[in-house]
Amino acid sequence: MTPQAKLIFAMSLLLGTTITISSNHWIMAWAGLEINTLAILPLISKSHHPRAIEAATKYFLTQAAASTLVLFSSMTNAWYTGQWDITQLTHPTSCLILTSAIAMKLGLAPFHFWFPEVLQGSPLTTGLLLSTIMKLPPLTLLLMTSHSLNPTLLTCMAILSAALGGWMGLNQTQTRKILAFSSISHLGWMAIIISYSPKLTLLNFYLYTLMTMTVFLVLNTNKVLKLSTLMTTWTKNPSLNAMLFLTLLSLAGLPPLTGFLPKWLIIQELTKQSMATMATVISLLSLLGLYFYLRLAYCATITLPPHTTNHMKQWHTHKSTNISIAILTIASTTLLPLSPMLSSIA
């Protein structure tokens with residue numbers, strides 16, 4: 001793919017995201033989502049591998065169905081209330097349809113089925129876009145309509161996402177699928193708190209984006225697509241793998257790293273809302289995720305390949321690490337002391 005084409009698609013992604021997050025009218029928000037979908041499709045299928053074409057087809061069909069539901073929900077609301085304003089979504093049927101549509105857009109359980117498959121068929125850089133930036137427009141719509149949505153339904157979907165994201169990621173050997181199930185699990189944490197504290201959801205999304213970006217960039221630098229390859233990268237770039245180890249533990253939510261902050265604040269807010277049971281359940285479910293993060297971290301830093309290895313030996317190259325990875329790694333592991341400031345903002 002030529003640099004000019006990549007620039008056009010990147011600008012289209014930026015345009016679609018900006019249109020959606022800044023619009024008040026449902027049609028404009030829908031148009032932004034469509035621009036985003038059409039711009040990411042060539043980036044998914046650029047390798048022309050059958051797996052990539054399959055991923056692009058699955059992504060297109062799922063997103064088209066979700067966009068149709070968004071349009072149907074807004075039209076139903078406009079039919080009954082005469083309002084096209086996003087914040088004026090009041091009709092119960094429209095709220096239910098919109099929740100399903102946004103869950104499908106985000107990959108929130110039980111509409112998560114497409115996300116691991118699409119991420120597995122995409123390059124790591126496109127996978128990074130799908131896991132982070134592409135989730136911002138639907139999440140913005142969810143934030144703008146959060147006061148109208150059913151909290152019980154969102155809580156059930158959140159618990160299901162945390163359970164499925166943790167459970168289905170346990171037996172994976174492909175790094176992209178592990179990160180896909182990690183994303184589903186984190187979406188559960190965002191969905192459970194959105195009705196009570198939308199700013200906490202946004203804070204969680206920002207910190208998740210920060211940590212996931214670090215992991216994807218490190219894996220892309222080391223050209224790692226599966227765990228067996230990850231085992232051989234310690235000899236190639238030890239310092240980068242040590243940073244990956246810390247970032248993965250942060251993504252798991254262990255103190256005193258950055259990832260502990262959103263989980264801590266969400267559990268605190270749920271307890272204030274008399275939802276201590278739900279807070280306990282989702283905390284226990286996050287232990288499933290902790291297992292596969294530890295597995296990744298173990299493969300990255302502690303396991304050395306045996307001499308009778310079946311794959312090619314990685315050459316030790318003296319490549320300079322990208323400055324963006326260094327900055328992102330520091331932010332992914334050391335932001336916990338800023339929690340009083342971040343919690344006052346949230």
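Yeah, the Cβs are placed from backbone N, Cα and C, and that goes for glycine too.
Since the structure is predicted, the reported quantities are computational estimates derived from the model, not experimental observations.
Under the heading transmembrane segment, TrEMBL lists 5-21 (among others). Long-range contacts of the transmembrane segment (5-21) within the same chain, counting only residues at least 6 positions beyond its ends with a Cβ under 8 Å from a Cβ of the stretch, are 28-29, 31-40, 42-43, 129, 133-134, 136-137, 140-141.
Positions annotated as domain 'NADH:quinone oxidoreductase/Mrp antiporter transmembrane' by TrEMBL: 23-288.
Residues annotated as transmembrane segment in TrEMBL: 56-76 (among others). Sequence-distant neighbours of the transmembrane segment (56-76) (same chain, 6+ residues past either end, Cβ-Cβ under 8 Å): 26-27, 29-30, 33-34, 37, 40-41, 44-45, 84, 89, 91, 93-95, 97-98, 100-102, 104-105, 114, 117-118, 121, 130, 141.
The transmembrane segment annotation in TrEMBL covers 96-115 (among others).
Per TrEMBL, the feature transmembrane segment maps to 152-171 (among others).
The list of residues near the transmembrane segment (178-196) in space but at least 6 beyond its ends in sequence, with Cβ under 8 angstroms from a Cβ of it, reads 106-109, 112, 115-116, 119-120, 127, 131, 135, 139, 142-143, 146-147, 149, 151, 154-155, 157-166, 168-169, 172, 204-205, 208, 212, 215-216, 251, 262-263, 266, 269-270, 273, 278, 282, 285-286, 288-289, 292-293, 296. Feature annotation from TrEMBL assigns transmembrane segment to 178-196 (among others).
According to TrEMBL, the transmembrane segment annotation covers 202-219 (among others).
Outside the transmembrane segment (240-261) by six or more residues, the chain places 182, 207-208, 210-212, 214-215, 218-219, 221-222, 233-234, 286, 289-290, 293-294, 296-297, 300-301, 321, 325, 329, 331-336, 339, 342 with a CB less than 8 A from a CB of the stretch. Positions annotated as transmembrane segment by TrEMBL: 240-261 (among others).
Summarising the annotation, TrEMBL assigns transmembrane segment to 281-304 (among others). Beyond the transmembrane segment (281-304), the same-chain residues lying 6 or more positions past its ends with a Cβ under 8 Å from any Cβ of the stretch are 158-159, 162-163, 165-167, 169-170, 172, 175, 178, 181-182, 185, 188-189, 192, 227, 230-231, 233-235, 241-242, 244-245, 248-249, 251-254, 263, 267.
The domain 'NADH dehydrogenase subunit 2 C-terminal' feature in TrEMBL is assigned to 290-342. Per-residue pLDDT, averaged along the domain 'NADH dehydrogenase subunit 2 C-terminal' (290-342), amounts to 73 for this model.
Feature annotation from TrEMBL assigns transmembrane segment to 325-345 (among others).
The largest share of C-beta pairs under 8 angstroms with the transmembrane segment (152-171) comes from 96-115, of the ranges 96-115, 202-219, 325-345. Among residues of the same chain six or more beyond the transmembrane segment (202-219), those with a C-beta under 8 A of the stretch's C-beta atoms are 124-125, 127-128, 131-133, 135-136, 139, 143, 175, 179, 182-183, 186, 189-190, 193, 225, 230, 240-241, 243-244, 247-248, 250-251, 258-259, 261-262, 265-266, 322, 324-325, 328-329, 331-332, 335, 342, 345-346.
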